[in-house]
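As recorded in TrEMBL:
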REPEAT    14-47  repeat 'TPR'
REPEAT    56-89  repeat 'TPR'
REPEAT    140-173  repeat 'TPR'
């Protein structure tokens, strides 16, 4: 109400509307966010024609909200306006153009236009490589996005090439214990398995495990995450005993890590419980699963889907143990 009482030529009014829009966007109230970003854009067009970067920012903000609302064609129209204005008025600000292109790529990808998404990503990569140092997190992120697009096309050879480039660059750009390195490794392993190259996936993970054990103490979380990736590959290939060994080693590692990371512990416990259920050892499965459920319920950010999955396995175990009341309780 206070903003509405201000005169339309009030300095900073566009910034105020922009701030309000940001708040609504954070709250996922997209219609109100769009309305306020639109007002900021209208004011900037009138008040700030000599500051095109502000108008570009407004166009970009509107495009992002439209993309979130799945209004892809309208979003792309605003992205294109932002890109053209940026190219005309700020030809040297290549990094901002790269950001716009990346967001356009995400929109094309959601729209299902994979070839155009890939074209925008490759243009983004060229801009970033021209603008930034040879090894930079923004370049590695772009490489990962390109890999993901190729993966969606089932072109696993090209996907792996870009994922490996991303991983190697992140090794140089990021601290050696950064969580992105574990995500990179996991993505490479998953892509190898999708390409029916399980042996290569395991060789890659075991090589990285050896490397990590040489630079970290034995109870480092990154070691545990590689152990979990190896265990998951073995589980999917039905090498249950070997998978159990790696999950147990990962769990022991995680319980002794500082600080304790509850999410991977719960994942390990769930997998160990699932393995016991596969062996038809339903009673021994329950302690693992019940502990995992307790962790998920204590961590609200993890609670929803994970709890439902674990409850379902617990219920099935009780059902096999001829305890229908307990089974029904967890099914509910």
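Using the three backbone atoms N, Cα and C, a Cβ is placed for every residue, glycine included.
Just so you know, TrEMBL annotations never went through curation; they're auto-generated.
Just so it is clear, the model here is predicted, and its values are computed rather than measured.
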How many helix, strand and coil residues does the repeat 'TPR' (140-173) contain under DSSP?
31 helix, 0 strand, 3 coil
Let me spell it out: take the repeat 'TPR' (140-173), skip the flanking residues so only those 6+ beyond its ends count, and list any with a Cβ under 8 Å from a Cβ in it.
98, 102, 105, 109, 114, 117-118, 121-122, 124-125, 128, 180-181, 184-185, 187-188, 191-192, 194-195
